[in-house]
Structure formats: C-alpha cells, structure tokens
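Report on one structure; see the data block that follows.
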Amino acid sequence: MPASSDHAPARVLGPLATLVAALTLLPVVVVVVRGGADGWSAAVDYLVRPRIGELLAHTGWLLLLTVPAAMVLGIVAAWLVERTDLPLAGLWRTLMLAPLAVPAFVSSYAWISWQPQLVGLGGAVLVTTLAYFPFVFLPVASLLRALDGGEEEAARSLGLGPLRAALRTVLPRLRPAISGGALLVALHLLAEYGVLEMMRYQTFTTAILQQYAVGFSDTPGSLLATVLVGLCLVVLALEVAARGRRRVARVGSGAGRRADPVPLRGWRAPALVFLGAVAALAVAVPVVMVLRWLLVGQSQRGVDLSDLGPVTLSTLALALAGGVLAVALALPGALLLARRHGPLAILLERSTFLASALPGVVIALALIGVAVDVAPAIYQTALLLVLAYAILFIPRAMVSLRAGLAAAPPELSEAARALGARGVSVLTRVVLPLAAPSVLGGFVLVALAITTELTATLLLAPTGVETLALAFWGAADELDYTAAAPYAAMMIALSVPLTVVLRRQITKEG
Amino acid sequence: MTPTLSRRTLIAALLASPVVLSACSGDEKYVPDPEALQIYSSQHQNVTEAWARAFTDATGIKTQVRSGTDSSMGHMIVQEGDASPADVFLTENSPAMTVVERAGMLAPVEETTLEQVGEGRAPSSGMWTGIAARSTVLVYNTSMITPAELPASMMDLQDAAWAGRWGCAPGGADFQAIVAGMLVDRGEEETAAWLEGLKDGAEIYQNNIATMKAVNAGEVPVGIMYHYYWYRDQAGTKEGSGNTELHYFGDQDPGAFVSLSAGGVLATTDKADEAQQFLAYLTSPEGQEVLVSSGSMEYPVARGVPADPALPPLDSLDAPLVDPSALDSDKVVMMMTDAGIL
C-alpha cells in the first residue's frame with residue numbers, strides 16, 4: 001500500500017461531495033429554468049413593471065436600514081461586553097445572544113399585538129434589527145475575546161488614546177467577523193416572510209408566497225424567485241469584497257495576552273442603560289407578550305393544549321430527521337476539506353453555501369416542481385420536506401463539522417490504516433469519535449433551525465402534518481394571539497439550548 | 001464503557017435514526033391512507049373536519065383531509081393531473097373549483113345531490129355543487145363614519161374621496177372571488193378601473209380578519225370582507241368587531257356578491273361512489289345542519305335548512321345574479337397583476 005493512502009478516501013469522497021453539491025444547487029437551476037418557461041420576452045415583460053420596482057425598493061430599503069443598524073448594535077454591544085470593565089459581563093453576554101432563541105416572526109407577533117400601529121418599514125426595521133443583531137454580536141464578540149491585545153498596547157505606547165488605538169488596531173482585524181455577521185443579517189432579511197407579512201411590508205419573499213397562493217408553483221413565482229437568487233448573489237459578492245484580505249491569525253502561538261479592559265468611568269451608566277434597553281426591546285418584549293397572551297388565553301377559555309403535544313412531537317421528529325440528514329450530507333464535503341484543501345473541495349463547499357443563501361420558499365418551490373414532474377412518489381411526503389430542510393441547513397452542519405474534523409489529525413487515520421483498518425472503519429472508529437462534539441453541535445444547530453422554519457414548511461408540509469411554526473402562523477395570521485401563544489412559547493423553549501451552545505462558542509476561545 | 005465507545009454509540013444511533021424514522025412514517029398522518037377518502041379542502045379547516053367526522057360516523061367510510069388555500073389547491077390539483085391523490089375537492093370560494101372544472105378534471109355531480117341544493121346555488125354546468133355561501137359586506141367603524149356617509153355602491157370606493165380610507169385583502173381568494181363577480185357583472189373596463197382605484201387608495205391587509213380588526217381599531221373607517229367573520233366575533237368576545245357594524249350593499253351591487261363554497265368529485269378518483277356519497281351528505285339537511293351548528297356562521301345552501309338566526313336571510317340580500325361557472329379567477333389574477341396589486 002502506498003504511503004499516501006489518502007487518495008483512496010478522496011476517490012470516494014470527491015464524487016459523494018459533488019453529488020451533495022449538485023443536490024444543493026438543483027433548486028437554483030430548477031427555479032431559473034421554470035422562470036424562463038414562457039420565454040425570454042414574457043419573462044422581461046413580467047419583470048419590467050412598476051410592481052417589481054416597488055418590491056425592489058421595499059427590499060432595498062429594508063436591507064439599507066437594517067443591516068447597518070444591526071452592525072452598529074452588534075459591534076457596540078460586543079465591545080462593551082468583551083473589552084470594557086462593564087459589570088456583569090457574563091449576564092450581558094447571554095442577554096445579547098438571547099434574541100436568537102426567539103424566532104423573528106414571534107417577536108413581530110409580540111410587537112404588533114402590543115403596538116398595532118407599528119406597521120410598514122419602521123416596524124419591519126425595528127423588529128428585524130432587534131432579532132438579527134446577534135448574528136453580528138456573536139462573531140465580533142468571540143473574535144474580540146480571542147484577539148491578542150499586544151498590537152493595541154503597541155499603538156497606545158506610540159501615543160494613541162484608548163479609543164483611537166482600538167479603532168486603528170482592532171477594528172480592521174474585525175472586518176471578516178463584521179462582514180460575515182452582516183452577510184447573515186442580509187440573507188435572513190432577503191428570506192424573511194413572517195415578520196414582513198405581519199408588518200404589512202411587501203418584499204420579494206412575501207410576493208413569492210402570494211404568487212404561490214394564487215397560482216401554485218407557476219412561472220411568475222419562479223421569476224420572482226430568480227430575482228431573489230440574483231439579490232442573494234449580489235449580497236454574497238458584496239461580502240467577499242467587504243471582508244478584505246487582511247490576516248487575522250498570527251504565525252506561531254507566541255505569548256498572546258488578553259487586552260486590558262477599557263475603564264468606562266462616567267460612561268458606565270449610559271452603557272448599562274443602552275444594553276438594558278436593547279435586552280428589554282429584543283428579549284423582554286416578546287417573552288412578556290407571549291406570557292401575557294398565554295395567561296389571557298388561560299383565563300378566557302383555558303388554553304387548549306391537546307394539540308401542542310402532537311405538534312411538538314412532529315416538529316421534533318422532522319428536526320431530528322432533517323438534522324441527521326444535513327449532518328450526513330455535509331460529511332463528505334467536510335472530510336474532503338479537512339484532508340485535501342484543493343480547489344475542488346473549496347468549490348464544493350462554496351456551492352452548498354450558495355444554496356443555503358436561498359430562502360426556504362425558493363427551495364420549496366423548486367422541490368415541488370421537481371417532485372410533481374419527476375418523482376410524484378415523494379411529493380407531499382415528509383421525505384421531501386426533510387430533504388428541503390437538509391439543503392437549507394447543510395452549511396450550518398458544514399461549519400461545525402469542519403471545525404471538529406480539523407481536530408482529528410490525518411496522522412491518526414494513517415496510523416489506523418497502518419494497523420489494518422479499512423476506509424469505513426477508519427471513519428467510524430477514528431475520525432467520527434474524535435469529531436463527535438462537532439457532529440452533535442452541527443446537528444443541534446440544524447435541528448433548532450428546523451424547529452422554527454416557516455416558508456418551506458408552509459409549502460411542503462405533507463397532509464396532516466402540523467409543525468409549531470405552522471400552527472403558530474395559522475393562528476397569528478388570523479390575529480388570534482391567544483391561540484398562537486402556546487406554540488410561540490414552545491418554540492422559544494426549544495430554542496433556548498441554541499443560546500447556550502452559542503454562548504459557549506464565545507467563551508471557549510477566551 | 002469508555003467515553004469513545006459511548007460517543008460511537010451516539011453517532012451510530014444518530015446515523016441510524018433516518019432508518020428508524022422512515023420505518024415509523026407508516027403513521028397514517030404522514031402519508032395518504034389508500035383506504036380513506038382523500039378530501040382536498042380549502043374550506044375552513046374546522047368546518048371540513050366537522051363534516052368529515054360526521055360523514056365517517058354516518059357511513060363508516062374513512063376520510064383524510066388535506067388543507068390548503070383556494071387558488072393554490074385548485075392549481076395544485078391541476079398540476080397533479082391524473083396522479084392526483086384527491087377524490088373530493090372542497091373550496092371556500094367557487095373560482096378555484098372552476099379552475100379544476102376547466103381543466104376537465106371533474107365528474108358530474110349526481111342529480112339527486114343537485115336537487116337538494118337551492119335555486120342558483122350550483123353552477124349551470126352541473127359539474128360541482130355549492131356547499132355553503134357567504135356574502136360580501138362593508139364593515140365600518142361607527143365612531144368614524146355615519147351610515148349616511150357610507151358608499152352606495154362598492155364601485156364608489158375607487159373615487160379619490162375614499163383614498164386611504166378603506167381596507168381590503170386582495171391577496172386572498174375571498175377577495176378575488178368578489179372581483180370575479182364584478183368582472184362578470186360590470187365587464188373588464190370598469191373592473192380594471194376599480195382595481196386601479198384599489199391600488200392607489202386601499203390599505204392592504206393579510207385577510208378578512210385583519211381587515212375587520214383594522215376597521216375596529218380605527219386604522220381605516222371601512223373595509224370590504226365577508227359577513228361571517230363579523231358574526232363569529234360578535235358571538236364571541238367582540239374583541240375584533242365591538243366598534244363596528246355591517247353595511248349590506250344590496251341592490252344587486254357587486255358589493256352584495258354572494259360567493260359559493262364549492263364541492264366537486266375528481267374524475268380520476270377510484271372511489272367515485274364514496275366521493276358522490278360525501279357530496280350528497282354535505283348537501284343533505286343533516287350535513288347542512290353540521291355546517292350551521294359548527295358556529296361558522298356561513299349560509300347553508302340546501303333547500304329548507306335555515307341559517308343561524310343571527311344572520312339576515314340569504315334571499316333578502318339582493319345579491320347580483322351571477323352564474324358561478326362564469327367566474328374566472330385566472331383572469332382576475334392577471335388583471336390584478338396588471339394593476340400592480342399582485
């Protein structure tokens with residue numbers, strides 16, 4: 001046997017990973033092909049009209065206002081928590097991540113039931129900013145905590161004040177974290193449906209669901225979806241440009257040291273008020289409103305919890321199946337990346353990310369089309385829904401797996417092979433056990449995303465299957481706040497572990 | 001057990017779980033039960049389920065309901081074509097049924113069933129039957145507007161004087177049925193002009209309930225909706241309608257349009273007999289009684305079955321006479337798209 005036996009797994013992994021990438025890109029292809037079904041000029045006629053301009057403007061304003069707002073909020077909060085002598089930093093760290101445990105459409109339900117006049121762009125920006133700023137906070141906080149304080153000190157020794165030293169040395173190194181977080185916010189905004197429907201603010205995603213409602217999965221819906229795909233590509237390209245090429249890592253571990261906390265002095269009170277207000281608006285409002293409606297429902301007619309159990313169970317079953325499938329599908333690509341960092345591996349990884357930038361509704365539209373035409377046997381089955389979940393959330397599994405597999409050095413696989421183990425048994429006996437925590441981490445991330453997924457579920461849920469998100473949406477859509485509350489409470493309860501997992505992600509690096 | 005071993009067990013369990021899950025998915029909730037009558041329904045879920053239960057109790061025939069919304073379900077059946085699992089289709093409004101009818105996918109409804117239904121409560125084609133009815137109304141906020149100031153016709157709402165002062169839910173099939181009625185009654189030109197007025201002057205809501213609550217909250221003085229949401233709320237907490245009253249246009253105005261909920265049997269069904277029995281049951285006095293007592297506040301359509309006493313009699317509403325076969329929802333969607341509403 002030649003020494004570089006890694007060629008063998010690559011021969012298997014390469015095709016497998018390519019298959020997965022093809023699967024994830026399938027929805028894009030289907031949507032574009034369907035959109036062009038009536039010919040080029042029909043497509044142009046449909047797309048070049050005032051209504052599309054209106055949707056573009058709406059979507060554009062939302063991005064233009066929410067993304068910067070979420071960035072500022074996330075960066076300021078992260079800096080206060082990780083780099084100053086703020087009291088109770090641990091508590092604030094948790095509170096700044098807690099909005100992730102509240103699905104955005106649940107917060108909008110809380111806001112609109114408390115302040116019904118909050119409709120249109122203003123309400124949409126408020127709710128999405130509060131719901132999504134943790135996507136910026138998380139990477140920035142964990143990088144701020146991990147960054148070496150030495151450079152900042154050097155800058156200060158050269159005569160810069162603390163603020164300018166931070167701006168000159170820390171901020172540039174935060175660029176990838178900030179732009180990565182902003183990218184997530186932007187992609188979530190493009191895909192957002194529940195919040196915007198409730199706030200009566202129409203974007204491409206709400207228009208696609210409306211098209212689906214009037215015409216099943218027809219050409220206009222696919223055309224709108226194609227525009228949305230285009231917008232996703234623009235956002236992805238902007239992020240690559242914004243990220244820059246500056247190095248974050250240092251060569252050699254050296255003797256890195258934590259930066260000294262910046263004393264807030266007179267700014268301590270305003271800082272506490274600021275973080276307190278953010279926490280109150282982003283976490284307390286939804287939680288209090290959900291509890292309030294639970295109590296109102298309880299006193300009015302007694303909360304009918306008979307549906308909650310089965311609905312929770314079917315949600316968990318879908319989350320389990322989707323989580324497992326996503327992890328399994330991410331595995332070949334992640335292994336390939338961990339072992340052979342060639343251009344093919346990188347291309348495959350990027351392609352799964354592109355697919356995941358697509359809103360659930362686009363994936364669902366495409367899968368409905370394919371299933372009806374090609375595979376009627378899986379149409380309207382849980383299998384198709386689970387497949388959609390897997391395609392949507394493979395990158396979450398991928399990110400986690402890559403980190404974990406990096407911890408399983410190839411030398412150990414080599415050693416196992418030298419001792420006579422073959423491919424699959426090397427995988428199950430050496431590699432996977434070492435990567436187990438990250439496998440589980442990836443699974444949890446995917447499962448939690450599935451628990452609150454709305455648009456793909458709306459279109460693909462099989463006959464008789466009700467999920468928490470569907471049950472909540474059904475009631476909230478009719479403005480029946482009391483009936484929606486138990487499902488909202490259950491979704492929040494199930495999402496709490498996510499916050500715990502993520503919080504660990506910040507602190508373990510410090 | 002070493003930690004590695006337990007991890008390995010965990011991973012094995014995780015990887016094996018799809019197999020376990022797929023074995024469990026024989027659960028009747030996840031796949032169509034081939035023995036059960038497959039009912040595709042965009043009628044309100046609680047009403048459909050009450051009907052399906054009562055029918056199963058009465059006949060022993062198993063039923064399974066797939067819920068959806070009017071247009072999407074109608075088009076879904078057409079796309080499924082011969083492979084459609086559906087045996088029976090029930091809609092909230094009739095245009096979705098007309099979509100399926102025009103695709104040639106319906107079997108004629110049995111004569112005896114049609115005879116149970118009142119005059120004008122089924123299409124001239126005989127390919128489906130009405131199973132319930134609902135009337136268009138104008139809901140108004142009594143503290144914002146007096147009855148004397150109300151529009152005489154729904155067509156008046158396109159006037160600049162009403163701009164920003166009325167609400168509706170044009171994205172839903174309910175509203176599209178009303179526009180389809182207008183299209184038959186007033187023709188393309190008038191309807192297109194009215195839709196332009198809507199685009200410029202109406203506040204857009206998700207659905208009838210949101211429209212009613214907006215009027216109740218004083219966001220707009222008046223709104224177009226169907227009657228029964230209001231009566232249901234009045235019968236309950238009045239939370240969403242306490243500040244409002246209903247205005248019936250009457251006078252065969254497009255705003256007095258009565259929409260039929262429709263029931264049809266798919267031509268492709270292998271349970272034609274059971275499917276026809278189901279429609280016969282829905283339109284029988286017994287089945288219509290299920291509708292009335294469900295609290296849905298929709299109108300029964302069978303001869304001799306009275307509506308809930310809270311409702312003004314259906315025959316007193318002076319609705320425009322429209323053959324439901326003529327309602328063209330695809331055309332309406334196209335016109336609404338042209339007007340920039342969809």
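Backbone N, Cα and C atoms are what each Cβ position is placed from, and that goes for glycine too.
For A:56-242 (among others), the entry in TrEMBL reads domain 'ABC transmembrane type-1'.
The feature domain 'ABC transmembrane type-1' is assigned by TrEMBL to A:312-502 (among others).
Annotation comment: TrEMBL describes A:12-35 (among others) as transmembrane segment. Residues 43, 217, 219, 222-223, 225-226, 229, 329-330, 332-333, 335-336, 339, 344-345, 347-348, 351-352, 354-356, 358, 362-363, 365-367, 369-370, 391, 394, 423 of the same chain, all 6+ positions outside the transmembrane segment (A:12-35), place their C-beta atoms under 8 angstroms from a C-beta of that stretch.
According to TrEMBL, the transmembrane segment annotation covers A:55-80 (among others).
As annotated by TrEMBL, transmembrane segment applies to A:92-112 (among others). Non-local neighbours of the transmembrane segment (A:92-112) in the same chain are 77-78, 80-82, 86, 118-119, 123, 126-128, 130-134, 137-138, 141, 188, 192-195, 198-199, 275, 278-279, 282-283, 285-290, 452, 454, 469, 472-473, 476, 481, 484, 488, 491-492, 495-496, 498-499, 502-503, 506-507; each lies 6+ residues outside the stretch with a CB under 8 Å from one of its CB atoms.
Under the heading transmembrane segment, TrEMBL lists A:118-138 (among others).
Under the heading transmembrane segment, TrEMBL lists A:223-242 (among others). Outside the transmembrane segment (A:223-242) by six or more residues, the chain places 28, 31-32, 35, 43, 46-47, 52, 55-56, 59, 63, 175, 179-180, 182-183, 186-187, 190, 204-205, 207-208, 211, 353-354, 357-359, 361-362, 365-366 with a CB less than 8 A from a CB of the stretch.
Within its own chain, the transmembrane segment (A:272-295) has Cβ neighbours under 8 Å at 73, 76-77, 80-81, 86-87, 92, 95-96, 98-99, 102, 106-107, 109-111, 113-114, 130-131, 133, 303, 481-482, 484-486, 488-489, 492, counting only residues six or more beyond its boundaries. Under the heading transmembrane segment, TrEMBL lists A:272-295 (among others).
Per TrEMBL, transmembrane segment is recorded for A:315-338 (among others).
Residues annotated as transmembrane segment in TrEMBL: A:350-371 (among others).
Sequence-remote contacts of a segment are chain residues at least 6 beyond its ends whose Cβ falls under 8 Å from one of its Cβ atoms, and for the transmembrane segment (A:377-394) they are 20, 23-24, 26-27, 318, 321-323, 325-326, 329-330, 352, 355-356, 358, 360, 363-364, 367-368, 371, 445-446, 449-450, 453, 456-457, 460-463, 465. For A:377-394 (among others), the entry in TrEMBL reads transmembrane segment.
The feature transmembrane segment is assigned by TrEMBL to A:439-461 (among others). Taking Cβ pairs closer than 8 Å, the transmembrane segment (A:439-461) reaches residues 103, 105, 191, 193-194, 205, 209, 212, 315-316, 318-320, 322-324, 326-327, 330, 359-361, 363-365, 367-368, 384-385, 388-389, 392-393, 396-401, 404, 432, 467-470, 473, 491, 494-495, 497-498, 501 in its own chain, all 6 or more past its ends.
The transmembrane segment feature in TrEMBL is assigned to A:481-502 (among others). Here the transmembrane segment (A:481-502) has long-range neighbours at 94, 97-98, 100-103, 106, 109, 113, 138, 286-287, 290-291, 293-294, 296-297, 300-301, 303-305, 308, 311-312, 315-316, 441, 444-445, 448, 451-452, 468-469, 471-472, 475, meaning same-chain residues at least 6 beyond its ends whose C-beta is under 8 angstroms from one of its own.
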Chain residues in Cβ proximity to the transmembrane segment (A:350-371) (below 8 Å; excluding those fewer than six residues from its ends, i.e. six or more beyond): 20-21, 24-28, 30-31, 34, 187, 190-191, 193, 205, 208-209, 212, 216-217, 221-222, 225, 228-229, 232-233, 235-236, 330, 333, 378-380, 384, 387-388, 391-396, 398, 453-460
Non-local residues, at least 6 beyond the ends, that sit with Cβ under 8 Å of the transmembrane segment (A:118-138): 58, 61-62, 65-66, 69-71, 73-75, 77-78, 96-100, 102-104, 107-108, 111-112, 178, 181-182, 184-185, 188-189, 192, 195-196, 199-201, 278, 281-282, 502, 505-506
